[in-house]
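According to TrEMBL, the domain 'L,D-TPase catalytic' annotation covers 30-154. Positions annotated as active site, proton donor/acceptor by TrEMBL: H114. The feature active site, nucleophile is assigned by TrEMBL to C130. Taken from TrEMBL, the feature compositional bias 'Polar residues' covers 246-271. For 246-324, the entry in TrEMBL reads region 'Disordered'. Positions annotated as compositional bias 'Basic and acidic residues' by TrEMBL: 272-303.
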Amino acid sequence: MLKKFLIFSIFVGFLLTLSFPITTSAATGQLIIINKSSNELAFYENNKLTRVFSVGTGKSPSLTPEGSFQIVNKIVNRPYYKENIPGGHPSNPLGTRWLGLNARGTWGTTYAIHGNNNPNSIGRYVSLGCVRMQNNEVEWLFDQVKVNTPVIIVTSTSSFDAIATSHDFSVTATTIGSAPPITNTLLQLGSTHPEVKQLQQSLTDLGYDTGGVGGHFDDVTEQAVIQFQKDHSILVDGIVGRQTKLTLRNSPGKPVSTTPIENDEPPTNTEPTDKNDNSEKPEPKDEDKEPTEKDSGKPKTEPSDQDSDSIGSAPVEVDVPIPPELNYEELKIKLIQMTLRRFGLYLWED
């Protein structure tokens with residue numbers, strides 16, 4: 001008995017001293033910020049804002065958690081266990097990629113940044129907790145993001161750089177993301193909305209002549225918008241809606257999407273509801289399940305009935321390829337846990 005205990009102690013001590021290479025985002029300066037106020041996700045690489053995407057968040061403010069989290073797992077084509085929909089299937093509400101978050105005591109099985117099966121839901125308040133993206137955009141993000149990348153979720157009117165700084169992240173100032181927030185407000189000839197100044201400043205920073213930053217959408221501003229739309233292969237109509245704002249957010253550089261949006265949404269409330277949303281877009285499917293705060297906080301191997309979006313009873317590991325960003329600290333802990341179980345069995349047999 002004593003001999004076994006000594007052997008076990010030596011083995012555990014050996015595991016604890018192993019120098020596993022731990023992959024973190026510190027070396028690359030990665031950071032994700034999700035602003036529920038504008039339903040946008042910002043991605044920082046090397047401490048600099050690189051891309052901004054439109055996203056879908058919770059139907060009510062409390063559903064999508066706010067705070068500082070991390071990406072704890074990455075899953076390609078996760079099945080939708082609740083309705084037995086295979087991973088990667090066009091009808092799968094989780095889309096093609098899953099970036100799990102350690103939010104509200106869960107470990108990447110309940111809350112996540114993931115794709116979707118209804119592009120019309122993006123940019124709106126539609127989910128019951130998760131953050132939805134267009135599939136092609138979440139695939140791009142998935143390929144860039146490392147496990148352990150910090151994720152900040154807020155409701156704020158501040159710029160992304162200001163949000164990062166307020167959370168003690170040191171970032172390089174950039175004009176990307178300084179365009180008007182991606183709201184449903186349409187800016188066009190004659191507009192005097194407060195966003196017009198931001199629009200004119202953003203276009204001016206990119207080298208377009210708006211005739212000044214006076215806050216009035218005049219003929220010169222309209223021509224600048226038309227030229228910008230032509231240069232970025234989006235719908236050319238001189239009207240600034242969601243697509244134009246999103247492209248402005250990601251300039252300089254290529255636009256996020258080259259597929260023109262035929263009609264921008266009319267202005268709506270900050271948080272649309274079924275009752276007053278007059279948009280002609282089809283209502284998003286309600287695939288999400290209400291998340292709970294009763295999860296244990298430990299890494300799960302099996303999603304429970306409380307999981308949002310990912311509902312099911314099949315183990316998570318079934319569809320999780322070992323990523324290049326394998327968390328060796330977690331692997332070390334699991335090895336110790338396996339050894340403890342085996343050692344406990346031997347003690348019982350004695």
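Every residue gets a Cβ built from N, Cα and C, even glycine.
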Pop the Cα-Cα gap between the residue listed as 'active site, proton donor/acceptor' and the residue listed as 'active site, nucleophile' into the table, whole Å please.
8
Under the DSSP assignment, what numbers of helix, strand and coil residues are found in the domain 'L,D-TPase catalytic' (30-154)?
16 helix, 52 strand, 57 coil
Given a 10 Å Cβ-Cβ cut-off, pick out the one of the active-site residues H114, C130 that has the most other Cβ atoms nearby.
C130
Could you give the mean pLDDT over the domain 'L,D-TPase catalytic' (30-154), rounded to a whole number?
95
